[in-house]
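Here is the structure we will look at, set down as structure tokens.
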Amino acid sequence: MDIKILAIGSLDKKYLVIGCETFLERIKHYAKLEIIELKEVNNKTEQVTINEQTALVIKKLLDYPEYYKILLASQGQILTSEQIAAYIREVKDFKKAKLLFIIGGSHGFNNNELLPKVNFHLSFGAITLPHQLCRLVLLEQIYRSFKIINNEIYHK
């Protein structure tokens with residue numbers, strides 16, 4: 001399986017880097033995973049930043065036409081870990097095994113522009129997560145999903 005995570009910005013906290021590296025190392029036994037970082041736009045008004053970051057992501061999505069695209073955002077559908085695993089299993093089995101997750105920056109995206117370009121809109125709940133922490137949570141959920149899919153001990 002080929003998984004990409006398209007993320008706005010890079011990690012700037014050591015504990016996040018260590019956590020992400022830990023899960024990347026674990027995931028590589030199940031899938032090829034690549035993180036693609038796009039530069040975060042910060043020096044403009046909020047709406048200009050949102051529009052520019054949205055345009056950058058839409059342009060980058062053109063490089064991955066065969067991938068099943070999942071946007072992470074607070075307004076998305078909330079799934080349990082088991083449901084996320086089922087979703088990954090379905091993509092693995094029926095959708096060419098190519099999956100791309102999209103994580104926005106601190107300002108988010110213009111959903112009117114981006115939503116039509118993705119296949120699914122996922123939320124990790126009603127709380128607001130910093131985008132860097134969202135990356136770590138996503139990696140943990142991807143790893144947990146593979147453990148569930150393979151009936152291996154980890155998930156409780």
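From the backbone N, Cα and C atoms, a Cβ is placed for every residue, glycine too.
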Same S-adenosyl-L-methionine site as L72, F124, G125, A126, I127, T128, L129 according to TrEMBL: which of G19, G104?
G104
Binding-site residues: G104, G125 - member with fewest neighbouring CB atoms within 10 Å:
G125
Sparsest Cβ surroundings (other CB atoms within 10 Å) among the binding-site residues L72, A126, L129:
A126
For the binding-site residues F124, I127, T128, the one whose C-beta sees the most other C-beta atoms within 10 angstroms:
F124
